[in-house]
Amino acid sequence: MTASVFVINAGSSSLKYQLVEVASGEALASGLIERIGETTGVATHEVPGREDVTEHRVISDHEHAFGWVLQQFDRHGPDLDGANLLGIGHRVVQGGARFDRAVRIDDDVAQQIDDLAPLAPLHNPANLQGIRSARATFAGYPHVAVFDTAFHLTIPPAAHRYAIDATVAAEHRIRKYGFHGTSHQYVSRRMAALLGRPLEEVNSIVLHLGNGASATAVRGGRSVETSMGMTPLAGLVMGTRSGDIDPGVIFHLHRVAGMSVDEIDTLLNKRSGLLGMTGTGDMRDVQQAADAGIERAVEALEIVAHRLRGTVGAYLAHLGRTDAIAFTAGIGENAAAVRAAALEGLEGLGIVIDAERNAGRGERRISADGSAIEVWVVPTNEELEIARQVAALVAPSVVE
Ligand code: AMP
């Protein structure tokens, strides 16, 4: 009999879900509910091979959203009772220094996710809202939290500690946590499989380039360095986030430009990156503008590539020996020009891109035959990774 996991990603006003068949990795259904709590919400339920259902309606809260979801499964399938649901997997952004793996949610775990809210004020409270509503809706099923940070808890102290007053750091839990861990874990594991070598023997650099972007150095299946920090603001240039910036800029903006902390927070998280530099946070539009010769778009792409190249260079040094570089997520999987620019001029370090392979589609090697370090495009699948981790925890025999 097939076994499935219901995967949930709850935001403050949104709810994304996918029913994943564990063995095949297929999505049996997926959906997205947006503008929860606003005057009109939008809800979509998709079942492969059937027409999508979209409704514009008021959705007052997350529990209400789950009610709508159950109704769609009832009306449009698939039959949840026939799906042999093993459990519910919840994406949780911040697991702190405590959660180094997926964990079954009980009241104590829910409380700890709440306690971590100061470290992820935008995400953990929303994730917890999703958890509370889902536990009420899917009572009787095991609920599992899968943390974005967990994969990175293997990063050694030299890489995860900041060079600040140790007492302040300890008191306020200030350290690098890293994010996108589920994706980095999935892609690095897949990378080893594609190379046909045991995970323990493969060193790779994973470049997750989407709206949010992060790089991770993975040694033998364990994260040893990553570009995001205590928050997802650090590191690479993103859709609306600045990535790395001299912290002194923040004092300057406050003292000299008269901006409040909240204004600076919004500036760096929501109005910077591609959006701040070009007026659009969408890489496709930036590329189009650059192709049309708009100077600031051309420049933005150069900044993106410069930051990527520097990160790859640093991670080559941290790993010592690197077998492969994997590009993933919206930009990593689709933007050939970004991949080419990021690795341009690295032939001397054993990285040679094949232009024709780079221009192709789907999961594939894009490095030239003689490239000492293989370069791949590996589509990520965070829902499947979450589903597998849930199954491994609640029904190990299913994933053996
Ligand atoms: P994600 O957060 O993984 O969904 O990635 C979103 C980002 O991927 C956005 O900046 C999109 O513009 C970008 N993206 C998606 N498809 C393409 C494409 N064909 N070419 C360039 N960028 C793309």
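These residue numbers are counts, starting from 1, taken along the chain as shown.
Every residue, even glycine, has its Cβ placed from backbone N, Cα and C.
As annotated by TrEMBL, active site, proton donor/acceptor applies to D148. In the shown protein chains, 27 other C-beta atoms lie within 10 A of the C-beta of D148 (active site, proton donor/acceptor).
The Mg(2+) binding site annotation in TrEMBL covers N9, E382. When secondary structure is read from DSSP and collapsed to three states, E382 (Mg(2+) binding site) falls in the helix class. Long-range Cβ proximity for E382 (Mg(2+) binding site), meaning a same-chain Cβ under 8 A and a gap of 6 or more residues, is found for R91, T182, S183, Y186.
Under the DSSP three-state reduction, R284 (ATP binding site) is assigned to helix. Look at TrEMBL and you will find K16, H208, L209, G210, N211, G212, D282, M283, R284, G330, I331, G332, E333, N334 tagged as ATP binding site.
Feature annotation from TrEMBL assigns substrate binding site to R91. Every protein chain shown contributes to the tally, and the Cβ of R91 (substrate binding site) ends up with 22 other Cβ atoms within 10 Å.
Considering only the binding-site residues K16, R284, the Cβ with the fewest other Cβ atoms within 10 Å is that of R284. Scoring each of the binding-site residues (N9, N211) by how many neighbouring Cβ atoms lie within 10 Å, the top position goes to N9. The binding-site residues considered are D282, E333; of these, D282 has the fewest other C-beta atoms within 10 angstroms of its C-beta. Selection of the binding-site residues N9, R284, I331, E382 by a Cβ distance under 6 Å from ligand 1 yields, in sequence order, R284, I331. Largest Cα to Cα distance within the recorded ATP binders K16, H208, L209, G210, N211, G212, D282, M283, R284, G330, I331, G332, E333, N334: about 23 Å as a whole number. Cα separation, L209 (ATP binding site) to D148 (active site, proton donor/acceptor), rounded: 15 Å.
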